[in-house]
Amino acid sequence: MLSFLSSNISNARQTLAQVLNFALVLSSAFMMWKGLSVFTGSSSPIVVVLSGSMEPAFQRGDLLFLENRRPRAEIGEIVVYNVRGKDIPIVHRVVRTYPEIEGKTKQVKEISDASSTPSNMLLTKGDNNVADDTELYARGQDYLHREEDIVGSVRGYIPMVGYVTIMLSEHPWLKSVLLGIMGVMVMLQRE
């Protein structure tokens, strides 16, 4: 009876240790992500290229590293932005800043937000696209606001690493297989 009780306590300790180790890994990853977000000034410091609109500069599946500390984006700079109301990051190049956009002066003067200065308004386009991105922007939006819409500017990349993310989103059954394999590995790893 005593050996049975002792083995149950030992199993409970092992299970608790595994749960705590798993929680430690998750919390460490979360802290690293948040630390990277603070360091780069971007809410999403790492993104994956989801389409071929920026070829040949970036291919689908490239992993991009972002930084969002500069107050202005320059023409030719590659930025990542979110369309208002949608949570899909778009990677495109800045083709115009406000002073170069003609006929928009009236709209700029009507903006009540004092932080929206001409240098904060951008027009973007994918390198592999024929037209600019005005069709992609939210309804009634003719340009991007640097502070509101831009997630960050590209500062580096690793080719093809993001394909794992693309595969998992395009084939949902792969998530189940991956979780199953990880679960089996955790069960077999008991010491």
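Keep in mind that glycine also has a Cβ here, set from the backbone N, Cα and C atoms.
Because the structure is a prediction, the values reported are computed rather than measured.
Noted in Swiss-Prot for the protein shown:
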type	residues	note
TOPO_DOM	1-14	topological domain 'Cytoplasmic'
TRANSMEM	15-33	transmembrane segment
TOPO_DOM	34-191	topological domain 'Lumenal'
ACT_SITE	Ser53	active site, charge relay system
ACT_SITE	His92	active site, charge relay system
ACT_SITE	Asp133	active site, charge relay system
REGION	177-188	region 'C-terminal short (CTS) helix'
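Feature map: annotations from Swiss-Prot on the structure.
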{"residue": "Ser53", "record": "active site, charge relay system", "DSSP (3 states)": "coil"}
{"residue": "His92", "record": "active site, charge relay system", "DSSP (3 states)": "strand"}
{"residue": "Asp133", "record": "active site, charge relay system", "DSSP (3 states)": "helix"}
Taking every residue in the region 'C-terminal short (CTS) helix' (177-188), what is their average pLDDT?
82
Per 10 Å Cβ neighbour count, which of the active-site residues Ser53, His92 ranks highest?
His92
Mind tallying the region 'C-terminal short (CTS) helix' (177-188) by DSSP state, helix then strand then coil?
12 helix, 0 strand, 0 coil
